[in-house]
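A short write-up of the structure that comes next.
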Amino acid sequence: YKLSVSPEMDIMEYCRKEWRGNTPAAKRMRKGYEAVAQKFASIRRIRGDNYCAFRATLFQALSQATQLPRWLQSEDFTMLPENLLSKYDWIKQWQLRQKPGKRMGEIRDEIKEYLILLRQKWKNISEIKGPLEKQEACDKLFKNEEEEYSLYEALKFLMLNTAIELYNADKSGKRVPVFSWLLFARDTSSNPCQLMQNHLNHIGHSGGLEQVEMFLLAYALQYTIRVYRLYKYSTDEFITLYPNDPEEDWPVVTLITEDDRHYNIPVRMCQETML
């Protein structure tokens, strides 16, 4: 059994273990980790199974949650599957994890369950006051495979909902963020239906999140995702924000990647940077 989120390890110790050589790539990685270590003391490895962007983002969001986000509080949040399926017949092709070929009613009910679970877990963890207890609750949740993967299904569905909203806003002449044009400029996702069939349905199975989908995840959660992209050390893209012009009141989560495919998380902000 693989741990979803490994225990903490000193960040520079981890770096020395992983990047021993003297190649230009190893040197750049070491410099990147040194820069992260100015701000964070430890790293936690995230299990790599094509869900790692979801896992890293959600774990960070929950472990620092102090309240339920506004969008999770809304009355009609759990009605999303029903509302969307009544308007868009093609959502019947949604691939539930390990359960292809479900009927429409089953998809609706199952996704509704996942959304309820997401709200319940977020609420429970955000109400825990002590940081240690909060961390323990997060660790426990990410050891429960059934619940963990159900939460990722909920996130995927929220991404689909956000994509539909952005697509419709653009079609009716409203301003949309630039990433939304890029998302629908791909041959494989020129509309939300294609996005679902060719991308969202495959996340966790045959692929992870692409760059442009990191923006979509950030918008769906209304969180800023700040990523240290170590292989981009000493360029403008070393620290990348999704979205790059975040709303001021969006909370921030921080991830680390060496290659834009796998994500780990830095933890324990160094004391002086917290002031």
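Each Cβ is built from the backbone N, Cα and C atoms, and glycine gets one as well.
All TrEMBL annotations are machine predictions without curation.
In TrEMBL this protein carries:
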- D49: active site (ACT_SITE)
- C52: active site, nucleophile (ACT_SITE)
- E237: site 'Linear diubiquitin binding' (SITE)
- H262: active site (ACT_SITE)
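Sequence features annotated in TrEMBL and their locations in the structure.
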residue : record                            : Cβ within 10 Å
D49     : active site                       : 14
C52     : active site, nucleophile          : 23
E237    : site 'Linear diubiquitin binding' : 11
H262    : active site                       : 18
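Taking only the Cα positions, the spacing between E237 (site 'Linear diubiquitin binding') and H262 (active site) is 17 angstrom. In this structure the alpha carbons, written CA, of D49 (active site) and H262 (active site) are 9 Å apart. Distance from the CA of C52 (active site, nucleophile) to the CA of H262 (active site) is 6 Å.
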